[in-house]
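Here is what TrEMBL says about this protein:
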- Ala115, Glu130, Glu134, Glu182: Mg(2+) binding site (BINDING)
- 13-26: compositional bias 'Basic and acidic residues' (COMPBIAS)
- 73-211: domain 'Nudix hydrolase' (DOMAIN)
- 1-30: region 'Disordered' (REGION)
- 251-276: region 'Disordered' (REGION)
Amino acid sequence: MTPIDGYRPGVDTPDRRGRTGLDRHGRGLTGNPRVRVRDVEVLSCDWYVLRRTTFDFQHSDGHWSRQQRETYDRGDGATVLLYEPDRGTVLLTRQFRFPAYVNGHPDGMLIETAAGLLDGDQPGEAVRREAAEETGHVIGDIRRVFEVYMSPGSVTERLHFFAAPYRSGAGSGGGGVAAEGEDIAVVELPFGEALAMVRDGRIADAKTIMLLQWAALDGPFAPDAWARRTHDAYVAKVNAAVAAGQEDLAAELADSHRRESSGRLAPSRPGPRQSG
């Protein structure tokens, strides 16, 4: 980073975000005795921070070597999969991503789960904010899924993954924050179609693929979860029919339930619906 009048923005004078001391990050690490940090340089801090760290590393055979790594620090983030279990749908977004566009994506328009940086908020607060801004839905209960380092070879970001139910038709607004240059479309998909889009490459965003696969294996669309919801709904209908003295209807519901219990992953519904 080139000093300005002898001062280094982000180090000993505030950068355009008001930050100083950015070269101190990582100097005090003590968790791994095989790593000894020697120096931290700030290469760029125009918005996010690019650092070059020099450290000594002890190899498994005991010898030490001096190494350097560049790390890109954009802060931590959070993402949420919005799902409608009864209808078997998920609510995603579509927006332009220049890094994907410049690296081979046909048009840079990626389908993703709602996501954003924490910006000082707790992860749960951040996903509520991003869901409202991007999809227009105010979400209630959220489920923490996992935390992942998305690109640990060069990027420091840790991403917090969540899932939450939404109610179709309850959203208002969305589309992102215009002042931040966002232009986001909301895409509602049958869950089965979303999985098919992962298989054929139409969904190519890592966080979205991870949450969709989690939903299929251990989340709201896992076979046991789907079967349980279907069974509970069936029991409620039969009990209501019996209570109303409608024995023929109860028998008809039982026959229908037996025919439809095919163990499918999610209901099949046509095409994506877009708004925003």
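Glycine too: its Cβ is placed from the backbone N, Cα and C atoms.
Please treat TrEMBL annotations as automatic predictions, because they have not gone through curation.
Keep in mind that what you see is a predicted model, and the values were worked out from it rather than measured.
Counting residues of the domain 'Nudix hydrolase' (73-211) by DSSP class, helix then strand then coil, yields 37 helix, 47 strand, 55 coil. With all protein chains in the displayed structure included, the most crowded Cβ environment within 10 Å among the binding-site residues Ala115, Glu130, Glu134 is that of Glu134.
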